[in-house]
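Taking it in order: structure first as structure tokens, then the write-up.
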Amino acid sequence: MLMLFVFGVLLHEVSLSGQNEAPPNTHSIPGEPLYNYASIRLPEEHIPFFLHNNRHIATVCRKDSLCPYKKHLEKLKYCWGYEKSCKPEFRFGYPVCSYVDMGWTDTLESAEDIFWKQADFGYARERLEEMHVLCQPKETSDSSLVCSRYLQYCRATNLYLDLRNIKRNHDRFKEDFFQSGEIGGHCKLDIRTLTSEGQRKSPLQSWFAELQSYTQLNFRPIEDAKCDIVIEKPTYFMKLDAGVNMYHHFCDFINLYITQHVNNSFSTDVYIVMWDTSSYGYGDLFSDTWNAFTDYDVIHLKTYDSKRVCFKEAVFSLLPRMRYGLFYNTPLISGCQNTGLFRAFAQHVLHRLNITQEGPKDGKIRVTILARSTEYRKILNQNELVNALKTVSTFEVQIVDYKYRELGFLDQLRITHNTDIFIGMHGAGLTHLLFLPDWAAVFELYNCEDERCYLDLARLRGVHYITWRRQNKVFPQDKGHHPTLGEHPKFTNYSFDVEEFMYLVLQAADHVLQHPKWPFKKKHDEL
């Protein structure tokens, strides 16, 4: 498989064969299935797409009377979109553009294609098309290194890491962490191409700093017994953004999910190693999310200090702050929304974390207000706004404060996913919009002059977004007082005109009731 994969890269035909999925058991005990279908653990809607890229499993399913996915065998033309043979009409959704951003293009069709490549499964296709071999194996027992452009994603086999002489300090992403001979493999290294990929060298944008010392070794690390530890399981290396901020940390998770697509494996029987060159720990308020990606605790790189460690299969994951990456500071064409990629990500995470939809409720719209107990961006007349909402009998209103010490992240997700209108001030908590149902609306009560952040995230996810528009009807407590920047709209609190607030919420409700996926078709005049 290794040689096929590498030669496939050379031919620009990256194998999509489920490299990490368990092989079918063709000699199973009578009365038992030929494959462990329960290990797939994907939402029902994703199964045809999985089988499209794992035809060996589809073939077994066709022969197996106990396969639960037979109904999907007639849908094997369905594809995510990054596969070379994928026809547009069978893709997992396609973005919609309501107008043409003339700064980018001049037709709706080309606008949709641009957005699909920027932020949908077209983004994964571009990474696959960039793949090239940097270290070529000669035999099946050799090592290999295959990377996308700028070393934003890499895949290595029989990787050797020598951490016996490592010196750690406060720097989480030390650039000269490895010296020559301390990271590498037994393969023919294209050193010129490797060193030419450093244009985006930066801690959370590229793996260049970590792999620039990759060395062509004169020994086979595993075969020649040069390893103190051999890691048999596939391992994902990740450099993580801030684990205390949902917006930044979910840049980690979405890029891990895209990496799984590029790698064509959604197995949770994998290790995840946090690449951190410091001796510090890592504060993670959203650690439950890892259960969607691995069966094991996340491993800190320092766990392997003072040892030579060899990884049979290693993946260097796409990173959270890549230039033109997703979704931190991503320049997006205007007028387009609804990516299949972000919808699939939300479905994937919710399914694996067992977060279910308990509604919607006939005759009710579930409204959730996200309160803030922080010093800034509080809603000063919150009670007044809530009382106004409660005058509408259709609204079922709840106020939540997503404080991790009082409400676990899984409970937060259950509330969010069972919300039809989600209201909150500008802040990382609005990242919850990723997990709203498709028909929902998010109301960023006030964006504090940061106009694109959650508007763009809502566009990516495909949920309706509104925010406050009339400046004469929002009342800041003062001009704001940033500790170093002086006056700043994010560093104060706000009151809002009740009538204008209700007008905007009713607009959001109107969207919910008219959404194609809203199951109740009653007239909304009662609002």
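Every residue number used here counts from 1 along the chain in the order it is shown.
Note that Cβ sites are derived from N, Cα and C of the backbone, with glycine treated the same way.
Among the ranges 164-167, 492-495, 516-519, 524-527, the one that Swiss-Prot lists as motif 'Prevents secretion from ER' is 524-527. In summary, of the candidate residues Asn263, Asn354, the record from Swiss-Prot lists N-linked glycosylation site for Asn354, whereas the others have no such entry there.
Secondary structure at Asn354 (N-linked glycosylation site), as computed by DSSP, is coil. Around the Cβ of Asn354 (N-linked glycosylation site), a 10 Å sphere holds 10 further Cβ atoms from the protein chains shown. Here the motif 'Prevents secretion from ER' (524-527) returns a mean pLDDT of 50 for the predicted model.
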